[in-house]
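According to TrEMBL, the protein has these features:
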- 5-234: domain 'Nucleoside phosphorylase' (DOMAIN)
- Ser11, Arg53, His54, Ser86, Ala87, Thr185: phosphate binding site (BINDING)
- Ser166: site 'Important for substrate specificity' (SITE)
- Met184, Asp208, Tyr209, Asp210: substrate binding site (BINDING)
- Ala220: site 'Important for substrate specificity' (SITE)
Amino acid sequence: MTWHIGVIGGSGLHEGLALDEAQSIPVRSPFGEPSGPVTTGLIGGVRFSFLARHGAGHVLPPAAVNYRANIDVLKRTGVTDVVALSAIGSLREDLAPGGFVAVDQFIDRTAGRARSFFGEGMVAHVSLADPTCARLSALVADAAESAGAPVRRGGCYVAIDGPQFSTRAESALYRAWGGDVIGMTGMPEARLAREAELPYALLGMVTDYDCWREGEAVGAAEVFAVMKANAALAREAMAGLARVLPAQRTAAPADTALDGAFATAPGQRDGRLLAMLDGVAGRVLRKQE
Ligand SMILES: CSC[C@H]1O[C@H](OP(=O)(O)O)[C@H](O)[C@@H]1O
Ligand SMILES: Nc1ncnc2[nH]cnc12
């Protein structure tokens with residue numbers, strides 16, 4: 001199997017990647033409007049498809065991003081693995097702005113965002129114990145290191161709704177919970193990638209120390225300035241990823257996340273929802289026909 005890497009670019013990374021033979025493809029989703037068109041092309045012969053998470057010109061706040069449509073269109077584009085690039089705040093002294101973190105755990109504090117492709121008439125439960133793909137995360141970390149970035153392998157990401165940054169009391173609480181970094185978009189993105197059987201890695205770029213340090217408080221201007229300085233490094237990391245990927249893609253645990261996950265009896269399933277799931281759950285649904 002060949003690799004096809006889907007890259008979701010966050011704050012400061014909306015201009016996309018340097019892709020050979022780039023083509024913009026408007027992919028439609030039954031889950032609504034994605035953040036924008038998918039741009040597909042090649043890096044070093046490997047196929048990459050890019051989607052700007054907040055839309056061109058950063059028009060969508062974190063809570064208004066249609067995470068389901070974004071994951072669904074990447075799946076329909078034929079993506080095999082998803083790399084999320086995000087600005088993150090640091091909850092730890094040793095994770096300094098300018099560094100990268102390959103996140104491996106999440107605490108989800110978001111509410112009111114559509115967090116599953118499944119629902120009434122088609123109930124499914126996937127495992128989220130290990131929400132990121134260890135293989136993909138290691139490759140992404142290798143690539144970021146080869147681009148010259150300091151990289152922390154592993155870290156717990158606290159996802160908040162925003163759009164405001166946290167209070168000092170919240171920031172202290174997240175540290176006490178074991179959070180290492182904080183952001184507004186990693187969830188439900190990671191959950192949905194798992195439901196769509198897409199291995200997911202989140203490469204976070206530390207832009208600030210949030211507000212837990214005395215006398216310091218993060219502001220958007222600071223985040224954007226650090227992201228601007230680091231955007232080239234993130235793009236270089238994706239070029240590096242094309243170089244470190246093994247020639248052939250072997251199976252990853254997330255590829256079969258839906259095996260045994262459906263609870264609703266075949267005769268009780270909602271036909272309309274089933275039709276919408278042809279992209280994300282097509283592999284399993286076709287087997288059951
Ligand atoms: C402008 S700071 C807050 C904003 O930046 C991050 O976005 P993304 O994860 O898409 O890079 C953070 O999660 C917030 O949405
Ligand atoms: N401190 C912070 N809190 C939430 N999201 C962020 N994105 C970048 N820095 C952040």
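Easy rule for this one: first residue shown is 1, then count along the chain.
Glycine is treated like the rest: Cβ placed from N, Cα and C.
Automatic, uncurated: that is what TrEMBL annotation is.
Recorded features from TrEMBL, shown on the structure.
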{"residue": "Ser11", "record": "phosphate binding site", "Cβ contacts under 8 Å, 6 or more apart": "His54, His58, Ser86, Ala87, Val223, Phe224, Met227"}
{"residue": "Arg53", "record": "phosphate binding site", "Cβ contacts under 8 Å, 6 or more apart": "Ile8, Gly9, Gly10, Ser35, Leu60, Val65, Asn70, Ala84, Thr185"}
{"residue": "Ser166", "record": "site 'Important for substrate specificity'", "Cβ contacts under 8 Å, 6 or more apart": "Ile160, Tyr174, Ile182, Asp210, Cys211"}
{"residue": "Asp208", "record": "substrate binding site", "Cβ contacts under 8 Å, 6 or more apart": "Gly89, Ser90, Pro97, Val218, Glu222, Val223, Val226"}
{"residue": "Ala220", "record": "site 'Important for substrate specificity'", "Cβ contacts under 8 Å, 6 or more apart": "none"}
Would you mind pulling the longest C-alpha to C-alpha span across Ser11, Arg53, His54, Ser86, Ala87, Thr185, which the record has binding phosphate, in angstrom?
12
What residues, ordered by sequence, lie under 8 A Cβ-to-Cβ from Tyr209 (substrate binding site) and sit at least six positions away in the same chain?
Gly89, Ser90, Pro97, Glu216, Val218
Given the recorded phosphate site (Ser11, Arg53, His54, Ser86, Ala87, Thr185), which additional residues of the same chain have their Cβ within 8 Å of the Cβ centre, ordered by sequence?
Gly9, Gly10, Gly12, Leu13, Pro62, Leu85, Gly183, Met184
Should we count any of the recorded positions Ser11, Arg53, Ala87, Ser166, Tyr209 as near ligand 1, judged by a CB under 6 A from one of its atoms, and which?
Ser11, Arg53, Ala87
Assuming the binding residues for substrate are exactly those in the record, Met184, Asp208, Tyr209, Asp210, what is the maximum CA-CA distance in angstrom, rounded?
15
So which of Arg53, Ala87, Met184, Asp208, Asp210, Ala220, listed as recorded positions, have a Cβ under 6 Å from an atom of ligand 2?
Ala87, Met184, Asp208, Asp210
Row Met184 (substrate binding site), column other C-beta within 10 angstroms, all chains, value 25
Specify the count of other C-beta atoms within 10 Å of the C-beta of Thr185 (phosphate binding site).
29
Let me make sure I understand the structure: which of the binding-site residues listed (Ser86, Ala87) has the fewest other Cβ atoms within 10 A of its Cβ?
Ala87
Roughly where does the domain 'Nucleoside phosphorylase' (5-234) sit in mean pLDDT, to the nearest integer?
96
Among the binding-site residues His54, Asp210, which residue has its Cβ surrounded by the fewest other Cβ atoms within 10 Å?
His54
